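Taken from Swiss-Prot, the feature signal peptide covers 1-18. Under the heading disulfide bond, Swiss-Prot lists Cys35-Cys46, Cys41-Cys57, Cys45-Cys79, Cys67-Cys87, Cys81-Cys105.
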Amino acid sequence: MEKVLVLLLVSLLAVAYAAPGPRGLIINLEDGEICLNSMQCKSRCCQHDTILGIARCTHKAMENSECSPKTLYGIYYRCPCERGLTCEGDRSIIGAITNTNYGICLDSRRSKQ
């Protein structure tokens, strides 16, 4: 019995020591990796081009790029804007459900001047 416990402990230590670094398998995913939800991505944007397309982590939208203000499902057709930008566009309940509320990323500080 003691030998089994020692073997189990050694096995657990070996698995814990061999665990990958900061690059994740389920969370902390880099751009281009397959994702199921935006919370898995370092960039916080999991995007797919079509409803049947494979979703991948990608960078957030830059200024004057198409964007989605929010998603109900955690996967975007267009990523939200980078920090400091706002997604200006039409918003509707149907668009929120179908994930088609698109806009353009604008710098609100620059547009007020």
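Any Cβ shown, glycine's included, is placed from N, Cα and C.
Owing to the predicted nature of the structure, the values given are computational and were not obtained by experimental measurement.
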Q. Looking at the disulfide-bonded residues Cys35, Cys57, Cys67, Cys87, Cys105, which ones sit with their CA no more than 10 Å from the CA of Cys45 (disulfide bond)?
A. Cys35, Cys57
Q.
Quick check for you: of the disulfide-bonded residues Cys57, Cys67, Cys79, Cys81, which have their Cα within 10 Å of the Cα of Cys46 (disulfide bond)?
A. Cys57, Cys79
Q. Tell me which residues of the chain lie with their Cβ under 8 angstroms from that of Cys41 (disulfide bond), as long as they are six or more apart in sequence?
A. Leu29, Asp31, Glu33, Cys35, Cys57, Thr58
Q: Please report how many Å separate the Cα atom of Cys67 (disulfide bond) from that of Cys105 (disulfide bond), as a whole number.
A: 6
Q. If you count Cβ atoms within 10 Å of the Cβ of Cys67 (disulfide bond), leaving out that atom itself, what do you get?
A. 27
(Q) Whole-number answer please: how many Å between the C-alpha atoms of Cys81 (disulfide bond) and Cys87 (disulfide bond)? (A) 6
(Q) Between Cys105 (disulfide bond) and Cys87 (disulfide bond), how many Å separate their Cα atoms? (A) 5
Q. Could you state the CA-to-CA distance between Cys87 (disulfide bond) and Cys79 (disulfide bond) to the nearest Å?
A. 10
Q) For the disulfide-bonded residues listed here, Cys57, Cys79, which shows the highest count of neighbouring CB atoms within 10 A? A) Cys79
